[in-house]
Amino acid sequence: MKGTFLICLILIAGFSFKSTQAGSICLEPKVVGPCTAYFPRFYFDSETGKCTPFIYGGCEGNGNNFETLHACRAICRA
C-alpha cells in the first residue's frame, strides 16, 4: 500500500514538473538566431496567445521553437 502511494506521488510530481517546463518554454521569446539557414518554424506568442510562424536561422534558438503548428499547439495549448 505504501509502495503504491509512493509510486503515485512520484508520477504526479513528474507530470507537474513536465507541465511547468512546458509552460515556461511557451513564455520564452522568439529567437531567430544569428545563423542564416531557412527553417520554417512556429513559436507561441504569449501576447496573442497563438502559435505563429517564423523563420529560424538554425542556431542559438530556445525551446519555443516548434517544427509544426500541431506541436506548438499541443505543448502550449493554443
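Any Cβ shown, glycine's included, is placed from N, Cα and C.
Model, not experiment: these values are computed from the prediction.
Taken from Swiss-Prot as is:
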- Cys26-Cys76: disulfide bond (DISULFID)
- Cys35-Cys59: disulfide bond (DISULFID)
- Cys51-Cys72: disulfide bond (DISULFID)
- 26-76: domain 'BPTI/Kunitz inhibitor' (DOMAIN)
- 1-22: signal peptide (SIGNAL)
- Glu67: site 'Important for the stabilization when complexed with trypsin' (SITE)
| task | Sort the recorded positions Cys51, Glu67, Cys76 by C-alpha distance from Cys35 (disulfide bond) and give me just the closest. | result | Glu67
| query | By CA distance, which of the recorded positions (Cys26, Cys51, Glu67, Cys76) lies nearest to Cys59 (disulfide bond)? | reply | Glu67
| remark: Per DSSP, the domain 'BPTI/Kunitz inhibitor' (26-76) contains 10 helix, 15 strand, 26 coil
| message | Restricting to the chain of Glu67 (site 'Important for the stabilization when complexed with trypsin') and a gap of 6 or more, list residues whose Cβ falls under 8 Å of its Cβ, or answer none. | response | Arg41, Phe42
| request: May I ask for the distance between Cys51 (disulfide bond) and Cys76 (disulfide bond), taken between their Cα atoms and rounded to an integer number of Å? | output: 8
| query | Roughly how many angstrom lie between the C-alpha atoms of Cys72 (disulfide bond) and Cys26 (disulfide bond)? | reply | 9
| query | What is the total of other Cβ atoms whose distance to the Cβ of Cys51 (disulfide bond) is within 10 Å? | reply | 23
| Sparsest-packed among the disulfide-bonded residues, when each Cβ's other Cβ atoms within 10 Å are tallied, from Cys35, Cys76 | Cys35
| message | For each of Cys26, Cys59, Cys72, count the other CB atoms within 10 A of its CB; which of these disulfide-bonded residues has the top count? | response | Cys72
| remark: The mean pLDDT across the domain 'BPTI/Kunitz inhibitor' (26-76) is 98
